[in-house]
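Encoded as structure tokens, the structure appears first; notes follow it.
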Amino acid sequence: MTGSAVKRALSTLGFAAVAVYCLAPFYWMAISAFRRPQDQFDNTLVPSRWSWENFSAVFSGDNGFGRALLNSVIVAGATTVLTLLIGTFTAYALARLDFRFKNAVLGLIVATTMFPGISQLVPLLKLFTDIKWINTYQAMVLPSLGFALPLSVWLLTAFFRQLPFELEQAAMVDGCTRGQAFRKIIIPLAAPGVFTTAILTFIAAWNEFLIALSMVNKKEMQTATVAISKFTGVSGFDQPFGTQMAAGVVVTVPLIAVVLVFQRRIVAGLTAGGVK
Amino acid sequence: MTTTESAPAAGTAAAGAPRGRGKGDVQGTRRLAALLLSPTLLVLALVIGYPVLAGFRESLYARGEGLDADGFVVEGDRFVGLDNYTAIFQGDRADAFWNAFSNTTFFTLTTVVLETVIGVAMALIMQQAFRGRALVRASILVPWAIPTAISGLLWRWIFQADGAANAVLRQEILWTADGFPAKAAVVIAEVWKTSPFIGLLVLAGLQMIPRDVYEAARVDGAGPVQQFFRITLPLVKPALLVAVLFRMLDVLRMFDLPAVLIGVNQRSVETLTMIAWFEASNLRYGSAAAYATVLFLYVALIAYLFVKLLGADIIGEARGRTRRARPVRTARGRRRAAA
């Protein structure tokens, strides 16, 4: 009786420790965002006076943060759509068709996820400078595809494999072509997997920093992550932490909401892929 | 290869008749596979394959700033052979390289070890069936969902001279200045972000272990510690190895976190990616490409050693499943596995 009570208390304690470890820094960011700028360096756990001043500073004219958010949506969205469009076909082939070198192709695609981004960046930076692509969306989307695509092909392959082969074969016996069987049977069945892959790809593309930092030098084309890191304070030499924390909250809260809503799907995707 | 002969066969297959498993079907499948694979392979060739080759070529050139034999200023790129590489390892730049190299290695070793230990501990805690489980599982995804650049800022805020870290520790450490505290700050921030993720993967591995294995061990008189080292660890090893491999490769190319948390071109935290980026942003493409190539080789070497020595099998699961689904093909699968 007492033994189980102790065990229960210990596991509660463990749970609390894990939750605090994961949430405390995020809590600090959120709470700092709600402080008044003059209270910024208070170390109280709750702001003495709550204020939206930092948030209005984020969206004030000279930061161009609204535009940066829009850029992030465009870049991450385009990367996700293109990745799914291309990746689904490849994953279908790898999961459902029999052909030589199948494992070699899958291995090659997986191997590209290990590729250090900087090796890709230097030549592409030079190429994009030559063809005047610097400060364009495609200059950010295209390199991102190089990382998003292998990951999603791998995930989708894992999802497609889990579907029963018989359904597709039955459809083909009933007169469907492979294409029809794919469109009418596989895609609807795989929809949850495709959706999971879409979320993971979008998050990864949204979090991208190195490519966006290098391919763009115009303020209007910056993505949100880059824009926040370049916020300048009112006083010039000081880091405007209040504004940055507020911007951080604006960027992360939607992500965290999505993550919480689709928690199960995301965990399934992460454990299927085992990456990032 | 066989496209010309298979064209008519594929034509009939595409016509859509539910044909038997004739030769035409096999060739049609092959054609379809090639068709479906080509967009991905094309994109990867363009944004990964081309840069590998172009980067290597680039690393053999330098921006023309010198004079030629007749005393004219040479414009454009100039072939310099391996000069960019020797410059990395020799002279005044060698110091910067070895510093970046040892920083990269230091970050990789410390963060991967720490996050593995913390992650496994988290997984063991979360495995206890309890009501708060869903909440903890949700909170574990929060550090993962925060963009690395933002978490760099977040930790920069925490590590301010009069920030939260010093207030909690009652110390006056200048974390984001130079030296060892800066390294420690990067390690702490990185471990915070990634160890929950390892925990999640290990938890998934733990849940695959059947309960009766533990019951049998308990009957045989094994204590919790023995159970952990003799059962849990060996059984989650495959999942853990893949997670650790990917984490290692990720830290080896680290850029966002130290760049935002401490800053670029800071000795104490400069990684190989950062030094290459700095060169590229100063338009020294040849030298940047040389650094990138060295990093590429380092990453490849680590991945190779890891897979060889510890036997991390990245597509193994996939291969196993294919074999089970297609028992007819076992002979070929076995041959490939042996090779």
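Each Cβ is built from the backbone N, Cα and C atoms, and glycine gets one as well.
All annotation found in TrEMBL is predicted automatically rather than curated by experts.
Copied over from TrEMBL, here are the features:
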| type | residues | note |
| --- | --- | --- |
| DOMAIN | A:69-262 | domain 'ABC transmembrane type-1' |
| TRANSMEM | A:12-31 | transmembrane segment |
| TRANSMEM | A:68-92 | transmembrane segment |
| TRANSMEM | A:104-125 | transmembrane segment |
| TRANSMEM | A:137-160 | transmembrane segment |
| TRANSMEM | A:181-206 | transmembrane segment |
| TRANSMEM | A:241-262 | transmembrane segment |
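Counting Cβ pairs closer than 8 Å and at least 6 residues apart in sequence, the transmembrane segment (A:137-160) and the transmembrane segment (A:241-262) reach fewer than three and form no contact. For the transmembrane segment (A:68-92), the list of distant contacts is 109, 137, 140-141, 144-145, 148-149, 152-157, 159-160, 182, 186-187, 194, 197-198, 201-202, 205-206, 208, 212, 220-228, 250-251: same-chain residues at least six beyond its ends, Cβ to Cβ under 8 Å. Long-range neighbours of the transmembrane segment (A:181-206) within the same chain, counting only residues 6 or more positions beyond its ends whose Cβ lies under 8 Å from a Cβ of the stretch, are 72, 75-77, 79-80, 83-84, 87-88, 92, 96, 144, 147-148, 151-152, 155-156, 158-160, 162-163, 167-168, 171-172, 224-225, 255, 258-259, 262, 265-266, 268-270, 273, 276.
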